[in-house]
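Data first, discussion second: the structure below is written as structure tokens.
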Amino acid sequence: MKMILLRKFRVLILMVFLIACSMHIMIDLLPKLERHGNSGCSCSHTPSEEPQSWGKQGWPNKHTLRILQDFSNEPSSNVSSHSLERIPAAGDKTQAFRRLEHQGLRGDRKRQFLQDAAVTKNLPAKGSRLLALYDHPLYKRALPPLTDEDTLFNVNTDIRFDPKAAEDQACSILWNHISLILDEFNPTGELTADSYPNWLRFHIGINRYELYSRHNPVIDALLKDLVTQRITSVAMKSGGTQLKLIMTFQNYGQALFKPMKQTREQETPPDFFYFSDFERHNAEIAAFHLDRILDFRRVPPVAGRLVNMTKEIKDVTRDKKLWRTFFISPANNVCFYGECSYYCSTEHALCGKPDQIEGSLAAFLPDLALAKRKTWRNPWRRSYHKRKKAEWEVDPDYCEEVKQTPPYDSGTRLLDIMDMTIFDFLMGNMDRHHYETFEKFGNETFIIHLDNGRGFGKHSHDEMSILVPLSQCCRVRKTTHLRLQLLAKEEYKLSMLMAESLVRDRLSPILIQPHLDAMDRRLRQVLNVLSECIEKEGYSYVVEDDLPGDRGTDHIHKGPRRR
């Protein structure tokens, strides 16, 4: 078993190196090995602090894979987030995996009852609303033919590689060495892209127009991995206002874990400022499903998972700062609080029942060393001040200034901002201070919808200021406008589609009914704003035609607004 795992590990090293070499990049994949003597763990825990499992595991004397993934959701944080932790010893993996699967399938009896009730209430008598939606012509629009410049990675699917094509001689030498490993593991040489782990297949599928295709089976497989893969290491993500954990899985994939801080029924207190609100794990899950239903496909896959805080966090972490914040509460529940700018103290500790805690797991994007991303300041960023207002809040003609500023003066970027505005308004998310794009595609590409944890905080209030970019600019894609109109129809009702989609998550129900109803109400308000724009400016000015036949919008500024 240990030999098989080692061979798989080596093949994964091969795959990521091939990507790096094909881009003429040499990356330090193998961090320095931390040596252990007879004293055991090389970390700074005292013997009394040391987790029991560490002493039993005995870390293997092998280099660790530096995972080529990243998830950046902080302003100006184009710094890779890596978990450079050791791979645990093989042990009895089958038994642990079965135990994890049983835990996930068993779930909570009460939740299962609520889940069944939601399906009964929201699904049509015949068929699936989601399947009917995705079968609609608006959801069958084909992409333009993809060139090498349109794909994030140019990978030969049969993994054949010519070292002469690499400019860096080190890549050629490396290939000769690793080819021997590949031949040992797979003598036939028939290793194809289908045998890649799902997280890598997700990365390879990213292109100029989308994070993933509409009917890509890899996404559902990746969502399953996020729930069932054994967690091998955990570390805190640096930066950010609230605690987030980087979790590494048995297949070397990584995900960002946001733990549960509030129940589904708790609304954001009315006196809370948007920048001091809690981040909600269920909001991250719901945002992925909403983004998919809107056909944007700009949110990385997110799934809910019930995590054992002792076995799957405390016992596998080598982050001593995280480990030291664990304690047992007076109610005999396992708790921890970590380190962050807000809500990381014993007063805001995250406690299990007794050691189980919910959380969202968001799949990492490709590492910045392989796929650089550019961080942009949102033109309609809020002031993040208790008294000051942003310029857009006091200048009704603010959009005219934005439209004269690159990259909003040409291309599709302004239309992407309008899509993101609608997405945020449906969730009630006021915290969109920055956004990111893949650097390779320049300005002609989509906006990545990262960090959605402050959505779905209030179902009883619609924050109309989120819609200001749309009302000021009066611009929208034709496909977006048509899909919004479709989702307002009874047979494709947004709340029903969301309920059907969310019921598939292991932590279902993700949203309570008032939040689902609020999305229907907000959708009507978006359409009302667009109707007023069309009445004032004219349909041809407001609606940008992007239906099949157009590769994209070459320009978006259509001249001065009507007066």
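Including glycine, each Cβ sits where the backbone N, Cα and C put it.
What TrEMBL lists as active site is Asp431. Its own atom aside, the Cβ of Asp431 (active site) has 19 Cβ atoms within 10 angstroms in the protein chains shown.
Per TrEMBL, the feature ATP binding site maps to Gln242, Lys258, Glu279, Ala362, Ala363, Phe364, Leu365, Glu436, Asp451.
Marked as Mn(2+) binding site by TrEMBL: Glu279, Asp451.
Under the heading compositional bias 'Polar residues', TrEMBL lists 39-55.
Averaged over the domain 'FAM20 C-terminal' (326-542), the predicted model reaches a pLDDT of 94. Marked as domain 'FAM20 C-terminal' by TrEMBL: 326-542.
Positions annotated as region 'Disordered' by TrEMBL: 38-57.
Feature annotation from TrEMBL assigns transmembrane segment to 12-31.
Long-range neighbours of Gln242 (ATP binding site) (same chain, six or more residues apart, CB within less than 8 Å of its CB): Lys258, Lys261, Phe278, Glu279, Cys340, Ser341, Tyr342, Tyr343, Cys344, Gly453. Note on Ala363 (ATP binding site): other Cβ atoms within 10 Å of its Cβ, all shown chains, come to 25.
Rounded to a whole value, the Cα-Cα separation of Asp451 (ATP binding site) and Asp431 (active site) is 9 Å. Across the structure, Ala363 (ATP binding site) and Asp431 (active site) place their CA atoms 21 angstrom apart. Counting other CB atoms no more than 10 Å from each candidate's CB, the binding-site residues Glu279, Asp451 peak at Asp451. Asp431 (active site) and Leu365 (ATP binding site) have their C-alpha atoms 21 Å apart, to the nearest angstrom. Counting every protein chain shown, the Cβ of Leu365 (ATP binding site) has 24 other Cβ atoms within 10 Å.
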